[in-house]
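Feature annotations, courtesy of Swiss-Prot:
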- Cys82: active site, nucleophile (ACT_SITE)
- His172: active site, charge relay system (ACT_SITE)
- Glu174: active site, charge relay system (ACT_SITE)
- Gly50, Glu51, Ser52, Arg109, Ile136, Arg137: L-glutamine binding site (BINDING)
Amino acid sequence: MKIGILALQGAFAEHAKVLDQLGVESVELRNLDDFQQDQSDLSGLILPGGESTTMGKLLRDQNMLLPIREAILSGLPVFGTCAGLILLAKEITSQKESHLGTMDMVVERNAYGRQLGSFYTEAECKGVGKIPMTFIRGPIISSVGEGVEILATVNNQIVAAQEKNMLVSSFHPELTDDVRLHQYFINMCKEKS
């Protein structure tokens with residue numbers, strides 16, 4: 001099994017460490033050639049936290065947006081954390097256009113931003129159990145479509161969800177010692193292969 005990690009910007013190295021800890025090979029995807037070269041070998045894709053506007057621009061500049069979108073729509077399992085969640089959203093409240101736009105949800109950028117600051121909590125995540133959650137100016141999921149399963153909420157806000165082959169979290173599971181959400185994603189990848 002090999003998981004691709006979008007490595008344009010953001011917390012990609014931390015995800016690679018978690019996958020290594022779980023005995024799963026990972027590859028950093030920095031440009032279209034990397035993605036096309038490894039695409040047929042990939043069991044899944046991680047879109048890490050970072051700055052979503054910058055990542056969206058880099059995806060477009062590197063001509064990676066449409067090929068990644070097509071792969072996700074064709075069933076490639078994807079795990080978007082924080083900015084990665086924003087990249088997957090069909091609608092972003094503060095922007096006119098989405099990026100990949102594959103997951104039926106509306107998100108609000110930086111909802112856990114300046115007004116609330118970064119914070120840590122623990123909460124139940126369906127199919128995983130009670131897990132630590134680190135929020136760093138994270139987004140919230142304002143609403144989801146019928147096909148989206150809500151996996152976790154904090155203070156009545158949706159912070160983790162799944163739609164078919166797409167898993168998202170507002171928080172950064174790669175910044176804790178708890179690997180269960182990554183294991184959940186690996187299990188999704190195994191089911192698809």
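Just so it is clear, glycine is given a Cβ too, placed from its N, Cα and C backbone atoms.
Distances between the Cα of Gly50 (L-glutamine binding site) and those of the active-site residues Cys82, His172, Glu174 are shortest for Cys82.
Look at the Cβ of each of the recorded positions Cys82, Ile136 and count the other Cβ atoms within 10 Å; the largest number goes with Cys82. When other Cβ atoms within 10 Å of the Cβ of Arg109 (L-glutamine binding site) are tallied across all protein chains shown, the result is 21. Mapped onto three states, the DSSP output places the residue listed as 'active site, nucleophile' in coil. For His172 (active site, charge relay system), the recorded positions whose C-alpha atoms fall inside a 10 Å radius of its own C-alpha are Cys82, Ile136, out of Glu51, Ser52, Cys82, Ile136. Distance noted between the C-alpha atoms of Glu51 (L-glutamine binding site) and Glu174 (active site, charge relay system) is 16 Å. Glu174 (active site, charge relay system) carries a helical DSSP state (H, G or I). Sorted by the number of other CB atoms within 10 A, the recorded positions Arg137, His172 start with Arg137, the lowest. Of all the recorded positions in the record (Ser52, Cys82, Arg109, Arg137), the one with the smallest CA separation from Glu174 (active site, charge relay system) is Cys82. The secondary structure of Ser52 (L-glutamine binding site), as reduced to three states from DSSP, is helical.
Spanning the residues Gly50, Glu51, Ser52, Arg109, Ile136, Arg137 that the record associates with binding L-glutamine, the maximal Cα-Cα distance equals 13 Å. For the pair Ser52 (L-glutamine binding site) and Cys82 (active site, nucleophile), the C-alpha distance works out to 8 angstrom.
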